[in-house]
Amino acid sequence: MDTVTKTLTPAARSSDPAVPTGPAPSGAPSGAPARPSRAEAEAAVRVLLGYIGDDPDREGLLDTPRRVVSAFDELYGGYREQPGEALERTFSEIGTYDDIVLVRDIPFSSHCEHHMMPFVGRAHVGYLPVERVVGLSKIARVIDIFARRLQTQERLSSEIVTEIDTVLKPRGVAVMLEAEHTCMSMRGVAKVGSRTITTQFTGVFRDDPGEQLRFLNLVRNGIG
Ligand SMILES: Nc1nc2c(ncn2[C@@H]2O[C@H](COP(=O)(O)OP(=O)(O)OP(=O)(O)O)[C@@H](O)[C@H]2O)c(=O)[nH]1
Ligand SMILES: [Zn+2]
């Protein structure tokens, strides 16, 4: 355990050129500290393995710190991506179409910032385009970028809406997320199957109850 503790000290950080620390990733909150090295992250996983009562040196766990950090790189890759870039390319050949574009039932998984446990569910995103539309897959990409950061479901909803609103400047954006939080089902209060629903609206969807209802009906019944 001593060795592990040592690798986590600032002195060890600066003296190991093979595992340089980096600046905070572009998607990190402002004021976030420099990014620890991969070796430090793997050492931290070793500490946790010891903490739960297992032996990090037994054969089955030798590679686990490396695997966990690789999995973290994937699950939290959203800190190193800019959601706006996913929406940069738009298309204007849409005829006179100016009605709702709704992508329903987009699966997503994220991690709650309180317990770092997954919450998993579906997103429904609609917007009212002005002259230009975005590729449908890009909406799912924006969801994934924000979802691959530590989140609350409320903030995830609002970040998706704000990004689409800011970049596309449509007449309105509507988002509904439904998810099961494993921190509420696998531990703690242990309520398996409970779902949390969040909605966030801008523009016409916020101001016109009829448009809001149409979005909700399309999500629920497929008819507006
Ligand atoms: N509003 C909101 N709460 C969340 C989300 N994800 C997890 N939580 C809640 O965050 C809260 C953290 O509460 P705390 O009392 O600080 O932590 P805790 O002692 O682990 O709470 P319990 O989960 O009740 O055992 C819990 O009530 C979780 O259900 C989320 O996306 N949004
Ligand atoms: Zn949680």
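The backbone N, Cα and C atoms fix where each Cβ goes, and this holds for glycine too.
As recorded in TrEMBL, the features of this protein are as follows:
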type	residues	note
REGION	1-39	region 'Disordered'
COMPBIAS	17-36	compositional bias 'Low complexity'
DOMAIN	42-219	domain 'GTP cyclohydrolase I'
BINDING	CYS112, HIS115, CYS183	Zn(2+) binding site
Fill in: Long-range Cβ environment of HIS115 (Zn(2+) binding site), under 8 Å and at least 6 residues apart
CYS183, ARG187
Worksheet entry | Whole-number mean of pLDDT values that fall within the domain 'GTP cyclohydrolase I' (42-219) | 97
Discussion item. As a test of the contact definition, list every same-chain residue at least 6 positions from CYS112 (Zn(2+) binding site) whose Cβ is closer than 8 Å to its Cβ.
Written reply: PRO118, PHE119, LEU150, GLN151, THR152, GLN153, HIS181, CYS183
Worksheet item: Applying the rule Cβ within 8 Å of the centroid of the Cβ atoms of CYS112, HIS115, CYS183, what extra residues of the same chain belong around the Zn(2+) site?
Response: HIS111, GLU113, HIS114, MET116, MET117, PHE119, HIS181, THR182, MET184
